[in-house]
Amino acid sequence: MSKTHFGFESVEETEKAKKVAGVFHSVASNYDLMNDLMSAGMHRAWKAFTIAQANVRPGFKVLDIAAGTGDLTKSFAKAAGPTGEVWHTDINESMLRVGRDRLLDKGIVTPSLLCDAEKIPFPDNYFDVVTVAFGLRNMTHKDAALAEMRRVTKPGGRVMVLEFSKVWDPLKKAYDLYSFKVLPWLGDKFAKDAESYRYLAESIRMHPDQDTLKTMMEQAGLDAVKYYNLSGGVVALHLGTKY
């Protein structure tokens, strides 16, 4: 049985999937509140930048992976319009349910699907844009997921990965203090769940840095891969094109 990491802990691959599922079942109901608290609302700006870079137009087909509460899905669905096709997907039933309900509450009628990014249930060359926001670091086989994202993207289409990344060195000390002390405290105080937010901090540190992820996307077969550092590298948006 192969080993992988769950935060800083070494676990069996099958065990990681169960542990990650447990984290997101736990945080689903407070997910948006905690995002606002943890990022001081900055996650909205990061997502807005991603939406602008996606440049979704009427009639586009878009796959939103690990879509959670549906922030990106909502904007993509509005941009694609009635002639488009936007899929709200997540591997976690609790997150999918919360996102689906919130989309419906906002008048967004678009399909929601339980979906494993390592085994995407769509044909080759189907989507104009494939996105994953704050989900790749939780996947056991990131290389397989990136290859699947490329497979279902049309020639000329784009794969976009918005994810926590490696902060600039001058920010590192303060960022570590915030991540390992403040985040678990916020999780405990507002969600009664310090452990899930401790995992968040650890999973960010274990995620590939900007250049490593760029190389992984290239190895998955994507071309013209580039990235933008946001908020001093706290987050990076990677983009790759399928030729």
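Keep in mind that glycine also has a Cβ here, set from the backbone N, Cα and C atoms.
Keep in mind the model is a prediction, meaning the values are calculated, not measured.
Among the candidates Thr69, Thr83, Thr153, the residue that Swiss-Prot annotates alongside Asp90, Asp116, Ala117 as binding S-adenosyl-L-methionine is Thr69. Here the binding-site residues are Asp90, Asp116, and the one ringed by the most other CB atoms within 10 angstroms is Asp90. According to DSSP, Asp90 (S-adenosyl-L-methionine binding site) sits within a strand segment. Long-range Cβ contacts of Thr69 (S-adenosyl-L-methionine binding site) within its own chain (separation 6+, distance under 8 Å): Tyr31, Asp32, Met95, Val98, Gly99, Arg102.
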